[in-house]
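A short worksheet on the structure shown next.
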Amino acid sequence: MQRLLTPVRQVLQVKRVMQEASLLPARLLPAAHPSFSTVPAVPLAKTDTWPKDVGILAMEVYFPAQYVDQTELEKFNKVEAGRYTVGLGQTQMGFCSVQEDVNSLCLTVVQQLMERTQLPWDSVGRLEVGTETIIDKSKAVKTVLMELFQDSGNTDIEGIDTTNACYGGTASLFNAANWMESSSWDGRYALVVCGDIAVYPSGNARPTGGAGAVAMLVGPEAPLVLERGLRGTHMENVYDFYKPDVTSEYPLVDGKLSIQCYLRALDKCYAFYRQKIEKQWKQAGIDRPFTLDDVQYMIFHTPFCKLVQKSLARLMFNDFLLASGDTQTGIYKGLEAFRGLKLEDTYTNKDVDKAFLKASLNMFNKKTKNSLYLSTYNGNMYTSSLYGCLASLLAHHSAQDLAGSRIGAFSYGSGLAASFFSFRVSQDASPGSPLEKLVSSTSDLQKRLASRKRVSPEEFTEIMNQREQYYHKMNFSPPGDKNSLFPGTWYLERVDELYRRKYARRPV
C-alpha cells in the first residue's frame with residue numbers, strides 16, 4: 001500500500017471522493033459526515049438532542065472456505081450417531097488452516113464491508129475489535145486493521161481491542177453507541193469488528209468449534225436501532241472457560257459449569273432488562289409486565305445450537321414463574337406442577353427442561369430458529385456468534401416481515417460477562433430504504449455457505465495438527481494453497497524471525 005500522500009494529492013483525493021460520492025445512486029446509508037477532512041464536526045455537547053436512532057447501518061459476514069461434516073466426524077471419532085448433529089444441533093463446522101489467523105479474518109471482513117458500502121475510508125472515526133483469539137499479548141488486532149486506512153491518510157480513529165471470551169463484540173458495539181451518544185463524537189461512523197477462531201483439542205469439545213468474523217457499521221438513522229436504556233447486564237468471577245496457557249490456542253473448559261453459568265446469566269440479565277423496560281413503560285403510562293410476547297425475534301450467543309433452544313425455553317420458564325393470571329390454559333397448559341420452583345434450583349432439572357422445551361417449540365420456530373442457520377453450518381464463532389445469528393435472521397426474512405419489530409439479543413462471555421439488550425427495526429421497508437438494503441446484503445449467505453469445500457475428517461485433523469505445530473512459531477511461511485481461499489480473502493503470508501506478520505490478499 002502507498003504509505004504517504006503529498007498535501008496537494010491529499011486535497012485532490014478528498015475532492016475526488018466527495019465528487020464520486022455525490023454521483024453514486026441512492027446511498028446504502030443515511031449521511032453522517034461523508035468526509036471529516038472538509039466537513040467540520042459539531043461536538044455533541046453543543047446540541048440539545050441525542051443523535052437519532054443509533055444502531056447498525058450495514059453488516060458483513062466472513063467465514064472460512066472449507067468445512068468438515070459433523071456426521072462424518074461422528075463416524076471418524078467413533079461416537080454414536082447423532083451426538084454432534086442431534087445432541088449439539090450442529091451439521092457442519094467451518095475451520096481455518098494455518099493460512100488464516102484472527103488478523104486476516106478481520107482484515108477480510110472490514111475490507112469487504114467498506115468496498116460494498118463504497119464509503120470513504122476517512123468517514124470512519126472509531127474502530128473497535130472484539131476478540132478472544134490473542135496472538136500477541138501487546139499488539140492489538142485494531143493496529144493491523146489500520147493498514148487498510150493508510151492510503152486515505154485517516155489515522156484519527158478511536159477504539160482498540162476488547163477482550164472477555166465471547167462478549168468482546170457486544171462490549172465493542174456498546175462502546176460504539178456510547179461514543180456516538182457522547183461529547184466525544186465527531187460526526188463520523190463507527191466500525192465494530194468481531195472475529196475469532198474457535199478450536200479445541202481432539203475430544204468431546206472439538207465439534208463445538210468454528211471460525212468467522214462480522215463487521216458492523218454503526219451510525220445514526222439506522223435500520224436496526226439499539227434501544228436506549230434497555231440493557232440488562234450480569235457479571236461475576238467464575239472459571240467456566242478460560243485460556244491461561246499462552247503457548248496454546250486451546251481453552252480450559254468445564255462444560256457443565258459453563259452451561260449453568262450461561263443459563264444463570266440469562267436469568268439475571270432478562271430480569272434486569274425486564275425491570276428497565278417496565279420502568280420506561282410506566283413513565284409512558286403503560287402498566288403491564290414485559291414478556292416474550294413483546295419480542296418478535298430472539299437471538300442468542302450460540303456455542304452450539306441445542307443450547308439456544310434450551311435458552312428460549314428458559315426465558316419462557318421465567319415468564320411462567322412471574323405470570324399472575326391463568327397458567328392452566330394457553331401456552332402454559334400442563335406446566336402448573338412447576339409453579340413453586342425457584343430459578344436457582346432448576347439449572348440441572350431435566351423435567352423442567354423437557355417440559356418447557358416442548359411448550360416453547362412453536363415460539364422457538366417463530367422467533368429464533370432461522371437465526372441459527374450460520375451457526376448450524378459453520379459452528380461457534382465466539383465473539384461474532386451472536387451477530388452471525390443476527391445476519392442469519394435478516395437473511396431469512398424480508399424487510400416487510402422485520403419492519404417495526406423488536407429483536408431481543410443475549411450475549412454471553414465466559415468468566416463471565418453477559419447482557420440482554422434489544423434492537424428496534426425501522427418501520428420503513430420500502431425499496432431502497434436502509435432496512436431493505438441491509439436485508440438484501442445478507443441474501444447471499446446460503447449461497448456462500450454452499451460454495452465452500454467439504455474436507456474429510458482425516459484432512460481436518462491434519463490441519464488441526466498443523467495449527468498446533470505452527471502456533472507461536474517464527475520464521476515460516478504457512479503451508480497451503482492460496483487458491484483454496486475465497487476471492488478477496490486476506491491471508492498470512494509470512495511470520496519473520498522477529499514474529500512480525502505479513503499479510504496479502506487473494507485477488508477478487
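For all residues, glycine too, the Cβ spot is worked out from N, Cα and C.
Per Swiss-Prot, the N6-succinyllysine annotation among the candidates K276, K310 falls on K310.
Separating the Cα atoms of T208 ((3S)-3-hydroxy-3-methylglutaryl-CoA binding site) and K342 (N6-succinyllysine) is a whole-number distance of 30 Å. Within 10 Å of K437 (N6-acetyllysine), judged by CA to CA distance, lies none of the recorded positions E80, C166, H301. Within the set of recorded positions H301, K354, K358, the entry lying nearest in space to E80 ((3S)-3-hydroxy-3-methylglutaryl-CoA binding site) is K354 (CA atoms). Distance from the CA of K447 (N6-succinyllysine) to the CA of E132 (active site, proton donor/acceptor) is 29 Å.
DSSP classifies C166 (active site, acyl-thioester intermediate) as strand under the three-state reduction.
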